[in-house]
Amino acid sequence: MASPESAVNGPTMTAGAASKSLRNAFGGVIAFIILVLIGVLAFSIRLFSVIKYESVIHEFDPYFNYRVTQFLSKNGIYDFWNWFDDRTWYPLGRVIGGTVYPGLTLTAGTIWKVVNSLNIPLSVETVCVFTAPIFSAFASWAAYLLTKEVKGPGAGLTAAALLAMVPSYISRSVAGSYDNEAVAIFALVFTFYLYIKTLNTGSLFYATLNALAYFYMVCSWGGYTFIINLIPMHVLLCIVTGRYSSRLYIAYAPLVVLGTLLASLVPVVGFNAVLTSEHFASFLVFIIIHVVALAYYIKGILSPKMFKVAVTLVVSVGLAVCCAVIAILIAVVASSPTKGWSGRSLTLLDPTYASKYIPIIASVSEHQPPTWPSYFMDINVLAFLVPAGIIACFMPLTDSSSFVILYIVTSVYFSGVMVRLMLVLAPAACILSGIALSEAFNVLTRSIKFQLPGIAGNPSIASEENGSSTVVAPNDIPKTEEAAKEKPAKKNRKKEKENVEKKPTPSKTEKRLLVLPLEASVIAVLLLVLLGAFYVVHCVWAAAEAYSAPSIVLTSHSNDGGLHVFDDFREAYSWLSHNTDVDDKVASWWDYGYQTTAMANRTVLVDNNTWNNTHIATVGTAMSSPEKQAWEIFHSLDVKYVLVVFGGVVGYPSDDINKFLWMVRIGGGVFPHIKEPDYLRDGQYRIDAQATPTMLNCLMYKLSYFRFVETDGKGFDRVRRTEIGKKHFKLTHFEEVFTTHHWMVRIYKLKPQRNRIRGKTKKSKSSRSVSSKRDVRGKRNPWH
Amino acid sequence: NEQLAIPQLRQSSYRHETPPTNPSRRCLHLGYFGGKRLHKISWSAPKPSPLTRSAPMAKLAIFFTLTLSLLPFLSHSFSPDTPTDRRILVLLDDFSLKSSHSIFFTSLKSRGFDLDFKLADDPKLSLQRYGQYLYDGLILFAPSVERFGGALDVAAVLDFVDSGHDLIVAADTTASDLIKSVATECGVDFDEDPSAMVIDHQGYAVSDVDGDHTLIAADELIRSDVILGKTKIEAPVLFKGIAHSLNAANTLALKVLSGSPSAYSANPSAKLSSPPSLTGSAISLVSVVQARNNARIMISGSLDLFSNRYMKSSVQKAGSPSKYEKSGNEQFVTEVSKWLFHERGHLKAGNLRHLKVGETGEPAMYRIKDDLEFYVDIFEWSGNSWEPYVADDVQVQFYMMSPYVLKTLSTDKKGLYHTSFKVPDVYGVFQFKVEYQKLGYTSLSLSKQIPVRPFRHNEYERFIPTAFPYYGASFTTIFFFYLFVFFLVIKTRFAGALQMAGFFIFSVVYLYNNRMVGRPPFSIL
């Protein structure tokens with residue numbers, strides 16, 4: 001959150017040299033204005049959802065965050081910390097304070113409090129809706145800072161502009177998408193910026209800030225493990241490539257110590273910060289960096305000959321110590337509660353792990369591996385610019401540019417594992433594309449500038465060299481950057497500077513410049529501008545059309561161009577909140593848990609925080625069981641209502657029938673009498689006349705298709721594009737109480753236990769079934 | 001002790017949802033002759049038309065309104081507060097039964113019931129009017145009726161039961177499919193062979209003149225004081241009729257009078273070609289059913305059981321030396337009908353409440369390991385007033401998917417049950433559950449939801465004795481770190497002294513703060 005100030009001051013502060021002071025001041029002002037505009041752009045491009053729909057919270061998880069924020073704003077931080085929620089995971093309940101990443105909630109709560117104390121009466125919902133756009137502006141400013149540290153302000157501004165509208169990030173941060181990622185991406189980029197800043201300056205001040213930024217990231221998102229693994233990787237890379245310096249030590253050691261201490265203060269992380277394997281890499285590198293530091297220190301005080309003796313001594317001892325440490329590590333890993341890695345982390349390393357062993361992770365759509373089109377959709381032209389950016393980072397390879405390269409490589413890998421982690425890739429892609437674009441413009445504009453007769457006055461033009469690539473050797477920007485960097489350098493850094501920073505100096509003095517032909521340069525500039533324009537068009541389209549749907553309100557265009565709105569979800573939830581008792585329990589598949597508690601304020605069995613697999617499996621088993629068994633399961637859990645989402649009437653594809661196989665799998669994982677093959681005909685999932693009897697008799701089928709044939713007389717399911725297998729049937733243990741306008745949500749009530757137990761003679765059956773039929777007929781048909 | 005009993009019985013499973021002061025219902029009941037007329041007035045009275053708004057008419061209207069509003073307090077009928085039935089419809093095959101079974105009817109009348117005798121095929125037969133039931137109980141002494149008259153059919157009878165009213169069904173050898181299907185719906189299966197009777201060659205009554213041993217002196221009675229009364233029925237009960245059986249899985253039905261091991265069900269006039277389907281103790285002669293809404297049903301295989309002839313006759317069981325002047329029928333029938341019409345064994349429970357030990361008022365949530373006290377009131381209806389129910393087997397469960405605590409409640413013999421226990425070390429949404437199902441009594445099923453939360457952040461132990469070495473270690477580290485700083489970094493003695501002093505002050509303040517349990521000393525969040 002400190003980013004705007006530092007972003008503003010950054011460029012103006014660098015204006016140091018007296019000769020360029022005026023030009024730099026002017027550039028600083030321009031940069032400042034551009035940054036403000038980028039912030040406005042980042043904010044406003046995310047408002048399509050509000051303009052096209054309304055100012056609502058989107059999707060599933062944001063509803064939970066919204067509910068938590070409401071609680072926080074009403075009850076204060078201590079009650080939030082100790083909140084035991086008895087309306088979810090009935091009857092287990094959930095300790096919200098200890099199981100939630102509080103960063104987002106605390107941020108929005110703070111904003112709400114500040115705004116209200118200034119007598120600006122915004123509702124909590126408004127604040128929540130607009131938190132994500134605000135933080136995406138912050139994130140683009142943080143990207144500016146990070147890229148500026150790596151390649152100078154020009155690249156920084158380009159990267160910031162790219163990040164402001166990258167579709168991948170927009171998909172998670174449109175107004176109303178009130179999710180952890182919204183603030184976490186800012187925290188991620190800002191933490192990286194502070195790490196690079198510390199690495200470049202060697203300042204303990206920035207190291208401390210870095211630990212605090214890391215703390216904010218830990219508060220915000222489980223993705224913090226990416227930071228705590230990437231930074232050690234980079235440190236290790238620096239050590240291996242002989243780039244160890246005291247700046248590296250200052251950038252890393254305080255982060256591990258302070259960061260781990262701070263992370264363990266977050267209730268949801270707690271002792272995991274030292275117990276789970278995700279954090280072990282940082283500790284290992286922490287040990288290594290100390291060994292290396294000791295080695296460098298000893299090398300400094302010993303004569304070369306003595307040092308050689310010492311090395312042989314240390315290596316022999318060190319090997320023994322290493323063996324011991326590795327043994328200890330293995331012991332710790334084996335004894336840690338999760339046997340090392342948690343399920344989600346293992347998914348990252350072995351993409352097939354989840355689908356093999358943890359259906360509940362594999363079943364989440366955002367945990368699927370992405371397809372190639374989704375790369376083009378989400379980062380568009382950046383995918384082509386990234387390689388150029390990587391090359392630019394190698395010329396010259398500095399500590400900071402090697403970090404960016406490492407960042408892009410790891411995030412490309414992770415994004416290939418889980419579509420959700422595309423979000424981590426987006427900033428990296430923007431930064432590298434920003435570097436690439438900026439370098440390209442640099443070369444091209446300088447070529448133009450040197451060849452235009454009016455401006456060409458610079459005496460230091462070297463001979464033209466026909467480079468094979470368009471990418472250039474060091475130019476003005478890194479030079480001024482290094483000059484600025486050296487200014488605050490301390491005396492202790494003087495001697496070790498020789499190691500690293502004097503290396504590029506020969507090339508600097510040589511002043512080799514690549515000049516391209518004028519026409520080629522002009523055309524290349526135009527093409528690059530065109531490329532940028534395509535990117536902007538694509539981003540605006542993505543923001544407006546693809547990623548702004550709130551998913552609780554759906555729209556469709558009819559053939560004559562009219563807009564049709566499907567507001568069934570809110571209709572159902574408000575029916576629940578108005579027509580059921582406060583303490584009634586509603587069973588549904590876990591996708592709708594958060595929405596039910598937030599919008600209908602009713603107790604649910606399972607929700608989107610999938611912490612208890614057994615409980616979810618119980619609901620899955622009930623949904624895949626015949627009516628009677630399902631009734632018994634639900635009755636034992638005090639369920640009053642069952643809610644199913646059904647898209648067969650309007651063709652809404654993500655309904656419960658399409659999710660049903662996951663219910664079977666998850667249920668069968670815990671209760672083995674539910675077997676997936678029973679629901680498949682020759683390995684095919686079908687609901688038509690060929691479907692298996694188990695499928696046609698399970699609760700989910702019955703609740704979805706009950707009275708469905710009354711809609712069109714044939715029972716044609718528009719999602720599965722087939723006629724359903726069993727059309728006319730009655731419910732014995734459930735009764736329909738509400739079906740929304742488009743049949744998208746259907747709510748059933750559990751019938752009470754029979755008042756009498758009938759005898760075994762079946763003679764008088766007809767008289768009773770007549771009356772039960774009458775009950776069903778008496779219900780309002782919501783379709784007509 | 002009425003005060004405890006009345007308030008808030010919302011959770012208890014009461015038979016009637018009708019509020020106690022429902023004028024239309026009370027008015028309709030006022031004698032069968034005037035019911036209709038009074039009812040009409042009750043419609044017009046609260047809303048006088050503008051034409052009749054003259055003074056005398058208004059006075060009259062006020063008078064009627066007052067009368068009508070007072071009437072409910074004068075009348076008697078079934079209600080949650082007075083659960084005994086009052087108005088009973090008796091359906092007969094023919095009116096001669098009225099005199100042949102007069103002892104039974106007289107005993108009912110003497111206990112204050114209004115009996116309304118009608119023929120089972122009376123075309124004006126109806127149990128309810130305008131959605132209100134006209135009767136609280138139904139006696140079907142019409143075994144041979146094939147179709148009820150009027151609006152009555154099997155479904156109507158069953159709806160009558162399902163809305164909490166009581167039923168007596170008596171069958172005999174002429175039992176029609178209609179009567180059998182009513183019984184089946186209640187969980188009682190009569191022998192399907194229409195000519196079969198219960199025969200017992202060892203337990204027959206010796207006074208029987210014809211020798212087919214179908215008049216049985218049954219003495220296999222259920223051992224339940226609440227159904228059969230405290231006085232033991234000494235004499236055997238005379239029974240002549242058809243057998244029925246109960247499904248073993250049916251937990252609602254009970255055999256009150258069952259056949260002896262030597263009884264079987266067969267056609268007495270035909271030769272037995274195959275083993276009889278119903279034999280021995282599987283045969284039930286008289287059964288009672290208590291439905292889940294506590295409606296009570298009695299099903300007898302013999303209509304003669306209720307007759308004056310059987311009640312008065314002397315009885316001697318075959319092979320038994322003792323001869324009784326009077327059969328047990330009268331006592332048996334009277335006692336069972338007392339139970340059936342809720343003069344006995346009708347419990348109500350309510351006022352479920354709990355509180356933390358040492359506090360007043362009910363908390364909205366408990367913490368794990370809290371001590372709590374639990375109270376519930378249970379009363380039994382004695383026929384005209386609520387008496388404290390005294391038992392030592394009422395239990396409360398502290399329930400979350402399974403009972404975590406199961407405690408027997410102790411009573412103060414005034415209807416108040418009480419216990420205290422410690423909340424288990426498990427958090428979640430619990431329920432206080434009182435599930436009381438005792439033979440013959442109405443089943444009580446009360447529950448009240450209560451969440452249990454874990455410790456708050458500041459409710460944990462501040463200092464753990466076993467961790468003192470760690471406290472020592474951390475403070476020693478701090479101390480030596482300061483020493484280190486003092487000797488290595490800080491050159492001037494004054495600054496060092498200041499630093500040391502600061503350290504000691506810090507430590508003292510820290511320790512002092514930690515003493516004050518209940519507030520986090522330095523919380524970062």
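We count from 1, first residue shown onward.
Using the three backbone atoms N, Cα and C, a Cβ is placed for every residue, glycine included.
Feature annotations, courtesy of TrEMBL:
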- A:25-48: transmembrane segment (TRANSMEM)
- A:29-432: domain 'Oligosaccharyl transferase STT3 N-terminal' (DOMAIN)
- A:127-146: transmembrane segment (TRANSMEM)
- A:152-170: transmembrane segment (TRANSMEM)
- A:182-207: transmembrane segment (TRANSMEM)
- A:213-237: transmembrane segment (TRANSMEM)
- A:249-274: transmembrane segment (TRANSMEM)
- A:280-298: transmembrane segment (TRANSMEM)
- A:310-334: transmembrane segment (TRANSMEM)
- A:375-395: transmembrane segment (TRANSMEM)
- A:402-419: transmembrane segment (TRANSMEM)
- A:425-444: transmembrane segment (TRANSMEM)
- A:461-506: region 'Disordered' (REGION)
- A:461-472: compositional bias 'Polar residues' (COMPBIAS)
- A:478-506: compositional bias 'Basic and acidic residues' (COMPBIAS)
- A:513-537: transmembrane segment (TRANSMEM)
- A:583-642: domain 'STT3/PglB/AglB core' (DOMAIN)
- A:755-784: region 'Disordered' (REGION)
- A:755-766: compositional bias 'Basic residues' (COMPBIAS)
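Below 8 A, the CB atoms of the transmembrane segment (A:152-170) and the transmembrane segment (A:25-48) form 3+ pairs separated by six or more positions in the chain. Sequence-distant contacts of the transmembrane segment (A:249-274) (same chain, six or more residues past either end, CB-CB distance under 8 Å): 81, 97-102, 195, 198-199, 202-204, 207-208, 210-212, 214-215, 218-219, 224, 228, 231-232, 235, 282-283, 285-286, 289-290, 293. The transmembrane segment (A:213-237) makes contact with the transmembrane segment (A:402-419): 3 or more of their CB pairs lie within 8 A, with pairs spaced 6 or more apart in sequence. Residues 3, 103-104, 107, 131-132, 135-136, 138-139, 142-143, 145-146, 149-150, 163, 169, 172-173, 213-214, 216-217, 220-221, 223-224, 226-227, 231, 245-248, 250-251, 254-255, 399-400, 403, 407, 423-424, 426-427, 485, 488-490, 493 of the same chain lie 6 or more positions beyond the ends of the transmembrane segment (A:182-207) yet place their CB under 8 Å from a CB of it. Residues of the same chain lying 6 or more positions beyond the ends of the transmembrane segment (A:310-334) and with a Cβ under 8 Å from any Cβ of it are 277, 280, 284, 287, 291, 295, 298, 302, 340. Spatially, the transmembrane segment (A:127-146) is not adjacent to the transmembrane segment (A:280-298); fewer than three Cβ-Cβ distances between them are under 8 Å for residues at least 6 apart in sequence. Away from its own ends, the transmembrane segment (A:375-395) comes close to residues 150-151, 162, 166-168, 171, 401-402, 404-405, 408, 415, 422, 425-426, 429-437, 439-440, 469, 471-474, 531, 534-535, 538-539, 542, 546 of its chain (Cβ-Cβ under 8 Å, at least six residues beyond either end).
DSSP assignment over the domain 'STT3/PglB/AglB core' (A:583-642) gives 33 helix, 10 strand, 17 coil.
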